Number of protein chains: 4
Amino acid sequence: MGSTYGKIFNISTFGESHGSGIGVVIDGCPAGLEFDSDFIQQELTRRKPGQSRITTQRKEADEFEVLSGVFEGKTTGTPIALLIRNEDQRSKDYSHIAAQYRPSHADYTYQEKYGLRDYRGGGRSSARETAARVAAGAIAKTLLKGIGVRIQAYVSQVGAMRLEVPYTELDLSVTESNAVRCPDAEMAGKMFDYIDTIRKQGDSVGGVVNCVVQGAPVGWGEPVFDKLHAELGKAMLSINAVKGFEYGSGFEGVALLGSEHNDPFYLEETGQVRTRSNHSGGIQGGISNGEDIYFKVAFKPVATIMQDQESVDQHGDKAIVQGKGRHDPCVVPRAVPIVEAMAALVLADFYLRNLSAKVPG
Amino acid sequence: MGSTYGKIFNISTFGESHGSGIGVVIDGCPAGLEFDSDFIQQELTRRKPGQSRITTQRKEADEFEVLSGVFEGKTTGTPIALLIRNEDQRSKDYSHIAAQYRPSHADYTYQEKYGLRDYRGGGRSSARETAARVAAGAIAKTLLKGIGVRIQAYVSQVGAMRLEVPYTELDLSVTESNAVRCPDAEMAGKMFDYIDTIRKQGDSVGGVVNCVVQGAPVGWGEPVFDKLHAELGKAMLSINAVKGFEYGSGFEGVALLGSEHNDPFYLEETGQVRTRSNHSGGIQGGISNGEDIYFKVAFKPVATIMQDQESVDQHGDKAIVQGKGRHDPCVVPRAVPIVEAMAALVLADFYLRNLSAKVPG
Amino acid sequence: MGSTYGKIFNISTFGESHGSGIGVVIDGCPAGLEFDSDFIQQELTRRKPGQSRITTQRKEADEFEVLSGVFEGKTTGTPIALLIRNEDQRSKDYSHIAAQYRPSHADYTYQEKYGLRDYRGGGRSSARETAARVAAGAIAKTLLKGIGVRIQAYVSQVGAMRLEVPYTELDLSVTESNAVRCPDAEMAGKMFDYIDTIRKQGDSVGGVVNCVVQGAPVGWGEPVFDKLHAELGKAMLSINAVKGFEYGSGFEGVALLGSEHNDPFYLEETGQVRTRSNHSGGIQGGISNGEDIYFKVAFKPVATIMQDQESVDQHGDKAIVQGKGRHDPCVVPRAVPIVEAMAALVLADFYLRNLSAKVPG
Amino acid sequence: MGSTYGKIFNISTFGESHGSGIGVVIDGCPAGLEFDSDFIQQELTRRKPGQSRITTQRKEADEFEVLSGVFEGKTTGTPIALLIRNEDQRSKDYSHIAAQYRPSHADYTYQEKYGLRDYRGGGRSSARETAARVAAGAIAKTLLKGIGVRIQAYVSQVGAMRLEVPYTELDLSVTESNAVRCPDAEMAGKMFDYIDTIRKQGDSVGGVVNCVVQGAPVGWGEPVFDKLHAELGKAMLSINAVKGFEYGSGFEGVALLGSEHNDPFYLEETGQVRTRSNHSGGIQGGISNGEDIYFKVAFKPVATIMQDQESVDQHGDKAIVQGKGRHDPCVVPRAVPIVEAMAALVLADFYLRNLSAKVPG
C-alpha cells in the first residue's frame, strides 16, 4: 500500500534499488496527448546519478522502455507503463549491511513493519524510486504545457548558505546551467565548493528547493481536505529526505499582521482579477487564484555518509555501520527535477478533477 | 470532491458556516469501540468560539447529535454520522459582502471554480467545518488511546513571539490551563496580551502550533507516497490558514551535516531499539520508529480583519471591503484541538492500514 | 467500510432502520445544478412503505431535510447532505429477536463480523438504507436529464409470472399507474393478486426488475475493471435481496452463435453509427455505444416471513424465529425506484469520469 | 482510468494485445508470503492460448518476469510488478481492420471515447489483458490457500448444452482433465465436439462458468455497497464477454417462496452455526456466512468470427468486416482460470479489509 498517487491522473510506481528495475503505471492520462519520448528522457537525465562530482557515482543510463499506453506517438487513454532497468546493481556492496540498521535510514522501520526487507541499497525505500516519478511527471508536464502551465524549481539553500533573493528577481532560465541548479551563478559556485568539501569529508548536508508554477488558471484544488497546497505538501513530503514544506508566506508569514499579509484584489485593464501582493502563494481557500504558485521544500542531509556510526543489528546486537559505497553529499541538485515532477503530477490531477466542478456545458 | 479523508478510517465532512449545520460521516471505524460522548463534547468545546475575549464571539453551543453507527454505547462498525446544528447564523451580517471578494479569503476562487458560492460567512470554506473534524478526531483519539497513543498539541509561537524551549522540557499537561494554550505560563500571558492588542486594532496575527505524539508503535506509515509525515503534512495543510508544515528537524535541519543529523541506534536494557537523538521526528522512511513523533504547523494571520480593504466585486468593479462582524484575531489557540484531531485521524488510519502489512497470523 | 460509492459523483450513506434516521452525503456533484426538492420527494415517495396493501405497513413520511450543499436553489459543488428521520421506529417489536438469528437475514454475519449488532429491524442491513440512495439518485437523475438521459425500470416478473414482451414493445409511461409497477396492465393485475395471496399466507416471493436507459451518449464506462456493465452490476447487486444481474442478451445469449449475437453496425441517414440489433445491451467493451442500455435484476423472496422458522441464537442455542411485525411480501414494486436510482448514480459518475477521457479542448 | 481493482489488495494492470507486453502491479500484498513462481506459471498456462484445437492458435509462452516486490522467495510488502512479454504479435494481421469497426467489439466505442485507438488485436480491450489478472490472482490464491480457502471453477454450459447436476454432486478434481474444463467427462466430450463443429463453421458460441469457494470464514464482505457478492459480480462482469452473474439461487430463486428459499440455521455438534440449505450462496447481508460460496457467470459467444459481417468504418462509410486471423470459438474453457483469479482477488481484498472490522486485540 502507499505506492499510488492521484485521483484521476493516477500513478503507481514499483521497483527497488537493486531489483530488475523500477517503473510506473499511469492510469488516467487523457488520450491524444503527444508522447514526447525525448522530453521524458531529458527529465530522467536531469535526475540521474553521476552528473557531476557532487552527485553519487552510481552508473545508470536511466533509459526507459514504453510497455503500454502509447500508439503512433500518442497516448491512448489506457494505462501507460514505463520501465527503467537497473544496470549498476552491485548487490555485493550491500551484503555487509544485510543485518545492520543504518542510522536514519528505513532499515529498522521496514524490518519491523514487514518482518523482512530487501536490504540491497535500501530496496524500495531508495530514492531510486523517484526516477519513476520523474518519468510520469514528464508526461504530466507535457499535458500542462499544452495549456500554458510552466513549473520551475531551483536550489535556494545548501546547508546554511541561502539565496535571499525572491524568485521574481531571478532568471530561472539559467538554473540548469550549473551543477547545483541554483539560478544565481555566484551563489551556485559557492554552494558547489561547499558540497564538494562536505563530500571529501565523507559527510552530507541538507538544502532547500524552491518551486514556482506559472500560468495555472483559477480553480484548481478542492475544498477542505484536498486543498491544492495540501496535496502539494503531501507530494513534496513524500520525496525522500524531505522534512518540511511551506507555500506563499510560509513560516515567516506567521509574524505578519493580517493587514500586511492579506493580498488586495484589483482589476487589470483586461478585466482580469489580480492581487497586488502574493502572500497567498497563488492559492486561496485551497484553490489556485491565477497568481504564481510558489513553495519551498526542505531536504535533510542524506543519511548515507562515509563515516562509521553507532547502531544495532537485526539480531539485537550492537553494531558499527561503516561508511562504504556511493552517496550524494547533498541531494538538492538532483531533487530539482523530482520536485517539478511531483508538482506536475499534483497539478495535472487537479486540472482533470476540475473538469467536473460545474455542470458541464 | 475533496471532503473525504482516510483510506480505512474514512471521514466525509459536510456543511457550511451558515447552513443548517455541519457534520461528519465516519466509515471504517472498527466495531466495539466505546463511544465516549462526553469526550467528543469536551473536544468540541475546546474548539468552539467564544472561549475568551481573544476568540471570535460567535455564539455556538457546538453540541452534536449521533445520527447513526452507535448502539448501546459502542460503535457498530457501520457509518457513524454526527450532526452539529448551526445556531448563531446571523446571515444578515454577510449580505453586504455577497458580491465582494474579501482579500485572502476563498470568495474569488470559489466563485470562479463553481460559478456560484454560498457567501454567508465563507460557506464551505469557513473554519467552522473543522468542528466536524474535531468530533471525528475525538473518536480516533479514543481508538488510539486504547493502545497507548497520546497526542498533545500546543501553541509555540504567536506573531514573532516564539517559545524556544523544546517540547521535551515542557510540561504539556498545563497547556489547557490558559486561553492561549501555550504550556509556558509566562509566555502564554505575553501572547494573550499581544493577541488582545491586535484584536483591539481590528487586526490579526499568525502563529505556530507544535504537536507531539507519544506511544505510537513502530510500523505506521506506508512507503513511497503515503509516508506518515506526508499524510500528516497533508492533513495539517488542509486546516484553514495553514501555510507550512515541518517534522523532526524540519527547515532548521537543512543546515546540519549528516553526521550531526543522523540518529544513532542503541539498545535499551529491555532490548528495545531506540535512537539517541530524534532529528527524524519519530519517522524513518515514512514509517514510525517508536520514538516521539513531533511536528510544527504554521498558521497565517486570519484574513478577516476589522479594517477597510481594497478589493473588487463579482461584477468586475472596484470595491472596499469593510471590516464588520466577528473574527479570531489569532487562530492558533482554537487550532490546537484541530491539529490534534487531524493527527488522530491520520494515525488511526495508519493503525488500521498496518494490520495487513504482514501475512496475518 | 463499504458505505461509499462512486469515484467522482461520490456518495456515502449512513443510518439504521431504527436509529435517528438515515441519510447521504454526496461529494462530487457539479455546481450549478438545479436542486429539485419536489422531484427528490417524489422519488422517495415512490420507494416509501405503505403505498398499497402489498407493501409493508411501516409508517414513514420519508421527508428529507437538506443539511448542506445547496444555496439559492442550486448545488454549490460542495457536499450535499440529506437527512431522512425515522419516525415509526417501534423498537419494541424487535426485542424478541435481539439474540436470535433470523434465517437468510444478516443477523448472524453481522454479529460474527463485528462482535455486536444493532438488532432493531436489521439495523444497517435493513433495506431502509435504500431511501438514502433514492434521494441521491434523484439528484443524479436531474444531472442526467439535463443531457437527455432517461432511466426507466419496471417489474417484469413476480414469482414464476413473467412478462415475456421485450421493453421495446411496452409503453413504459404507464409503469407507475399500478401498484406492482408492471407496464402491462393485465399482467400487473395478476401479479397484484398473486402477491396479495402470498401476503395472506404470511409468505414472500421474488421477482425481476428490468431497466432501460435511453439517451446515453457513446463513451461512458472505462476499460478493464470499471466497465459500465460491471459497475451497473455491482450497483444492482448491492441492493438488498438481489441475487443476479444480466445485461443485453444476458444468460440467454449464451446459447446463441456469434453470427447471431453480433450486432451489425450501419449508418443512419444523419451519419450516426447504429447497430441493427442490440444484444450488446448498449455496451461494447464496457463502454456505452449510444444504443439503449438495458438490464435485468433478480430479487429473491424477502427473508422476513410471518411463519415460524428453525434457527439458533447468539448463545449457541436452538431457537424458533416467530413471524411478527411488518414485511413486504414481494420487494420488486418498491425496488423499481431503487434500481433507477442506482443506475443514475452509476451513469452520473461515468458521465463525469468521461470528461477527462481525451485531452480537453 | 478503470484499470485498477481492490481497496487493500490493489492491482493495476497494463498492456495491449500487440504492444510490448502486459503486466500487473500489486500494491497491498502482505509481506512474508511465499512467492510461488511455479504456481503462477501453472495458472498462466491454464489460461494461455493454443491449449487444444478448440482454443485460439495464437502462440504465446506467457512466461512472466518479476520486476519487483519479491526478495529471497518472499513478498516484501511493497509493489509486486509482473511482466509478460507479447511474442506472437503479428500486427500485420490487423492492418485491414485499422479503420473498421468489428461488430460487437470495442473498436467503435474506444474510437469515440478516446478519439484514437490501438486497433491491433483490440489493443487494450483484448482478453489478453486477463493474463495479468491470472498472474495476480495466483498470488491472491496463495494468500488464501494459507488459511484454507479453495476456489474451483468449471464449465457448466456451452451453447444450450447444460450440466444440470449441482456442484455438490460433482467431482471438481477432474475439471482439468479435459480441454473443456467440465467435470462431467461425458458432457465434456459432447461440449468439445460441439465447440469443434462451431469452430469449423468459423462461428462462436457462448457458455457458462460456475465457481465454488470453500473454506471462507464468516465475515468477509462489507455492508451496503461493497457486499461480497456485489464485488464478485463486478469482478466477473469485468471479464471480457461476460453478460450475466448470479449467486446462490440466482434468477431461478425468484420463483421460490420465502418459506422455501430461507436457509434455516442449525448447530453442528462442534457448536458451529450452519445452514440446512444454501440458497444464500454462502453470503447473507453481503457477508460470507461460512457456507460454500457459489455463483455462475454467463459468457456471450465471442465477437470474432470467421465470417463476413456488415459494418461501417471510422470514416463513415459502409464496410464488410472479413473473418480472418485466429479466435476462440468458445471462450469458457480458458475463462475458468480467469474466473478463479478474479474470485481470488476479490476474496483476498475482503480478507485484508476484514482485519479492521473490530477493534483489534
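Please read every residue number as a count from 1 along the shown chain.
Every residue, even glycine, has its Cβ placed from backbone N, Cα and C.
Noted in TrEMBL for the protein shown:
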BINDING   D:Arg47, D:Arg53  NADP(+) binding site
BINDING   D:Arg124, D:Ser125, D:Ser126, D:Asn240, D:Ala241, D:Gly285, D:Lys300, D:Pro301, D:Val302, D:Ala303, D:Thr304, D:Arg326  FMN binding site
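A map of TrEMBL features onto the structure.
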residue  : record               : Cβ contacts under 8 Å, 6 or more apart
D:Arg47  : NADP(+) binding site : D:Asp62, D:Thr130, D:Ala131, D:Val134, D:Arg334, D:Pro337, D:Ile338
D:Arg53  : NADP(+) binding site : D:Asp196, D:Arg199
D:Arg124 : FMN binding site     : D:Gly15, D:Glu16, D:Ser17, D:Tyr110, D:Asp118
D:Ser126 : FMN binding site     : D:Glu16, D:Ser17, D:Asn240
D:Ala241 : FMN binding site     : D:Ala127, D:Gly206, D:Phe299, D:Lys300, D:Val302, D:Ala303, D:Val331, D:Ala335
D:Thr304 : FMN binding site     : D:Arg102, D:His105, D:Ser204, D:Gly323, D:Gly325, D:His327, D:Asp328
Next on the checklist: Around the C-beta of D:Lys300 (FMN binding site), how many further C-beta atoms are within 10 angstroms, looking at every protein chain?
Outcome noted: 27
Checklist entry - Looking at the binding-site residues D:Ser126, D:Ala241, D:Lys300, which ones have a CB within reach of chain C, meaning under 8 Å Cβ to CB? => result D:Lys300
Checklist outcome for this item: Span of D:Arg124, D:Ser125, D:Ser126, D:Asn240, D:Ala241, D:Gly285, D:Lys300, D:Pro301, D:Val302, D:Ala303, D:Thr304, D:Arg326 as binders of FMN, largest Cα separation rounded to whole Å, comes out at 44
Checklist outcome for this item: Reduced DSSP state (H/G/I helix, E/B strand, rest coil) at D:Arg53 (NADP(+) binding site) is coil
Checklist entry - Mind pulling out which binding-site residues among D:Arg47, D:Arg124, D:Lys300 sit under 8 Å from chain A, Cβ to Cβ? => result D:Arg124
Next on the checklist: Can you tell me whether DSSP puts D:Thr304 (FMN binding site) in helix, strand or coil?
Outcome noted: coil
Checklist entry - Among all the protein chains here, how many other CB atoms are within 10 A of the CB of D:Val302 (FMN binding site)? => result 25
